[in-house]
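The block underneath contains the structure these notes are about, expressed in structure tokens.
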Amino acid sequence: MTKLAVIGGGAWGTALAALACKAATGAEETVLWARDETVVETINEGRGNPGYLPDVSLPPALKATADLRDAVDGADIVLLVTPAQALRAVTRSLTASLAPNAVLVSCAKGVEQGDLKPMTAVLAEEAPAHSALVLSGPTFAREAALDKPTAFVVAGGERSIVDRVCARIALPTFRPYASDDVVAVEMGGAVKNVLAIACGVVSGRDLGENAKAALITRGLAETGRLISALGGRMETLNGLSGMGDLVLTAGSLQSRNMSLGYALGQGKSLEAVLGSRHTVTEGVWTASAITEMARKHGVDMPICSAVNEIVTNGKDIDTVIGGLLSRPLKEE
Ligand SMILES: NC(=O)c1ccc[n+]([C@@H]2O[C@H](COP(=O)([O-])OP(=O)(O)OC[C@H]3O[C@@H](n4cnc5c(N)ncnc54)[C@H](O)[C@@H]3O)[C@@H](O)[C@H]2O)c1
Ligand SMILES: O=P(O)(O)OC[C@H](O)CO
């Protein structure tokens, strides 16, 4: 018997656990850890996870637990699906219970504030004896959980381990692609959340489709500069975890990042928008980390810094947009 544990009972954790359960053969177990006992009870009683994935029924074989040790005990694959800023603390509290062969897969999209660490670097620091992989791509949890066709990337340094994770979770409607470019895969997912906020602001301010296309394209260019500086490859940025996820997230009000930007663009305050939701909007927390990272590596990221001015420093949106538009002319 092998076991896959999913850590985090929010929208994406629940969707991944449901999909992994559907992909399991008879000899494979799937367990979901959620810190909230009510979520655990509701899942185990077969009533789904309505607070995070309304109207999605979960496979009866999916078992949830609020006991972290129980969840990871004997697991050979552990998917970590908490918000990015919580990943270190959660990983630290489960490391001692990991099986020696456990592989850790970050499914969070963000960069740690303060230390400016990508998620696999956090995993490597907290659990150095275990392989650290990343799973990312254009994946709205609800669509994936409803078995709508979804493709994504699993990246890691050792191909046989990446292939093992892909094989365990693959379904006809949930297609993993393997990659060895961990840096580009995780940075593409982290930066797109910040850019999606910018696209939301543009839509909310009614600045037009031309402006949105320009933001997406120039946003990809600045993501590419950061990825190159960190040692990742541009061709990865052109794939599912880069362009694919940016196009998805920046183009849909289903996205929490895009819709937050939209509300800001319409004049709502950040506090009011965040106060009205119980789920994470990663770009708000990653904007400052990306801006600092860019500064540290001497990379020009004007759109991410503009978002940071708005969400971290509370600058007036029109002043920030004016600043972006009055930058010196340059080559593409
Ligand atoms: N929802 C999606 O469509 C989607 C898709 C791909 C990737 N992601 C990424 O997955 C990560 C999780 O997103 P989500 O949509 O599941 O978020 P969510 O807000 O729906 O759920 C977050 C979960 O983490 C738990 N949590 C919050 N703080 C915690 C802490 N300090 N310690 C332990 N648990 C904590 C919450 O109780 C909740 O169960 C994010 O990085 C997000 O960018 C989300
Ligand atoms: O709702 P968002 O903005 O957190 O986006 C969810 C996923 O990351 C889309 O791939």
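Heads up, residue numbers simply count up from 1 along the chain you see.
Positions of Cβ are set from backbone N, Cα and C atoms, glycine also.
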Query = So TrEMBL lists Gly137, Thr139, Lys192, Asp245, Ser255, Arg256, Asn257 for sn-glycerol 3-phosphate; which of Lys109, Lys117, Lys296 goes with them?
reply = Lys109
Task = Among Ala127, Ala141, Ala144, indicate the single residue that TrEMBL lists for the NAD(+) site containing Gly8, Gly9, Gly10, Ala11, Trp12, Gly13, Arg256.
result = Ala141
Ask   = Can you list which of the binding-site residues Gly10, Tyr52, Lys192, Asn257 have their Cβ under 6 Å from some atom of ligand 2?
value = Asn257
Task = Check the Cα-Cα distances from Glu282 (NADPH binding site) to the binding-site residues Gly8, Gly9, Asp245, Ser255, Arg256 and tell me which is shortest.
result = Arg256
Ask   = Any idea what the Cα distance is from Gly8 (NAD(+) binding site) over to Tyr52 (NADPH binding site), rounded to a whole Å?
value = 11
Note = CB < 6 Å to ligand 1, subset of binding-site residues Arg35, Lys192, Asp245, Ser255, Asn257, seq order -> Arg35
